[in-house]
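Annotation source Swiss-Prot lists region 'Disordered' at 1-22. Here Swiss-Prot flags 3-34 as zinc finger, drawing on sequence analysis. Annotation comment: Swiss-Prot describes 11-22 as compositional bias 'Basic and acidic residues'. Here Swiss-Prot flags 49-139 as domain 'ATP-cone', drawing on sequence analysis.
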Amino acid sequence: MRCPYCGSEDTQVKDSRPAEDNTSIRRRRICPDCGGRFTTFERVQLRELMVIKKTGRKVPFDRDKLVRSFEVALRKRPVERDRIERAVSGIVRRLESSGETEISSEQIGLQVLEAMKSLDDVGFVRYASVYRDFSLAEDFEKVISEINAKIARDPLDR
């Protein structure tokens with residue numbers, strides 16, 4: 001593994017342990033050349049996924065981009081990073097085990113919306129506003145009224 005600080009090819013693993021519900025390995029590494037310390041994660045990749053964008057263009061699936069979309073929607077919200085990682089890992093697992101090598105960005109967006117519902121209502125509205133391309137205040141009102149109706153039906157399911 002190349003050192004991100006000095007570019008040396010010779011780094012050493014100091015510590016390895018399971019992470020994220022045993023779906024990845026967290027490794028602490030050190031560079032003998034510059035003394036830099038950094039962390040890497042190793043995950044199983046069942047298959048190479050391609051995302052079909054709305055324009056029809058195909059791009060490789062990027063797990064980090066999925067994490068960033070959660071982080072943007074949940075910015076300044078009381079949602080722990082660990083819960084985001086579990087949601088992302090679940091989505092990736094479902095995508096990889098679907099048997100498909102190409103998946104539409106719409107399908108991914110629907111899975112993110114579903115996961116966001118259980119994480120945070122505000123994050124859900126934020127993500128939905130981008131995913132569903134809200135342009136009017138009524139679009140927000142409709143989603144918020146759906147959330148309020150859900151809360152009224154089952155106030156403990158929050």
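The backbone N, Cα and C atoms fix where each Cβ goes, glycine too.
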| task | With DSSP as the yardstick, break the zinc finger (3-34) down into helix, strand and coil residue counts. | result | 0 helix, 15 strand, 17 coil
| query | Of the residues in the domain 'ATP-cone' (49-139), how many are helix, strand and coil by DSSP? | reply | 57 helix, 9 strand, 25 coil
